[in-house]
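Participant: What follows is a structure written as structure tokens; I'll ask about it next.
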Amino acid sequence: MRLPAALIGINETRKGRMSGYLWLKAVHIISVISWMAGLLYLPRLYVYHAGVAAGSEASATFKVMERKLLKYIMNPAMIASFVTGLALIWQLGEAALTMGWLHTKILLLLGMGAMHGMMARWRREFEQDRNTHSHRFFRVMNEVPTLLMIGIVILAVGKPF
Ligand code: HEM
């Protein structure tokens, strides 16, 4: 069965052309994918890191991986996600004020930002061989960005209210 073009967001008169808004949204989604890749992988590195002795060769390798992931991928990707997301809101103008899904999404984004901040703190603790958390703790923490991501994507795509 073929879905009507309007239902899947294709405007027949503008077929083949992308507006500035859609370009911005594409860059937003690329940024978000990069940020999420780090948010889902860094706590997994912490699970393994918590299982090796402080000062060991394995620990030194994890430190490099964690620092590079946070500094070169996650921090720039988070900034790009916020900048493009806020630019989309600016483009939406006053209409954004009435979008309940967007307000709920922003609430969940505060949680995502807090997770990013906590991951940066745990990285510094590992760096200075001061980690006190177990691998089980990081296993549980690993699920938090996953749950937030599921909520955010359903809200952004479904716009249920
Ligand atoms: C960092 C701050 C963020 C802000 C301010 C923000 C804001 C926005 C806005 C205003 C839109 C445009 C909605 C539309 O035109 O349909 C959008 C689209 C979208 N956002 Fe975000 N967002 C942010 C982060 C995220 C994150 C972390 C995710 C995923 C985990 C995400 C996933 C999406 C998706 C999938 C869309 C496309 C929705 C669609 O076109 O159907 N966003 N975002």
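Going from the start of the chain as shown, residues are counted 1 onward.
Every residue gets a Cβ built from N, Cα and C, even glycine.
What TrEMBL records for this protein is below:
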type: TRANSMEM; residues: 21-40; note: transmembrane segment
type: BINDING; residues: H28, K105; note: heme binding site
type: TRANSMEM; residues: 72-93; note: transmembrane segment
type: TRANSMEM; residues: 99-119; note: transmembrane segment
type: TRANSMEM; residues: 140-158; note: transmembrane segment
Participant: Restricting to CB pairs under 8 Å, which listed stretch, 21-40, 99-119, 140-158, is in contact most with the transmembrane segment (72-93)?
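Facilitator: The stretch with the most contacts is 21-40.
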Participant: Counting only residues 6 or more past its boundaries, what in the same chain has a CB within less than 8 Å of a CB in the transmembrane segment (99-119)?
Facilitator: 39, 42-43, 46, 70, 74, 78, 85, 89, 92, 141, 144-145, 148-149, 151-152, 155-156, 158-161
Participant: Please report the number of other Cβ atoms within 10 Å of the Cβ of H28 (heme binding site).
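Facilitator: Result for H28 (heme binding site): 20 neighbouring Cβ atoms inside 10 Å.
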Participant: Restricting to the same chain and to residues at least six past its boundaries, which positions have a Cβ under 8 Å from a Cβ of the transmembrane segment (140-158)?
Facilitator: 36, 39-40, 43-44, 46-47, 101-102, 104-105, 108-109, 111-112, 115, 118
Participant: So, in DSSP terms, is H28 (heme binding site) helix, strand, or coil?
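Facilitator: Helix, per DSSP.
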Participant: Under 8 Å Cβ-Cβ from K105 (heme binding site), six or more apart in the same chain: what's there?
Facilitator: I152, L155, A156
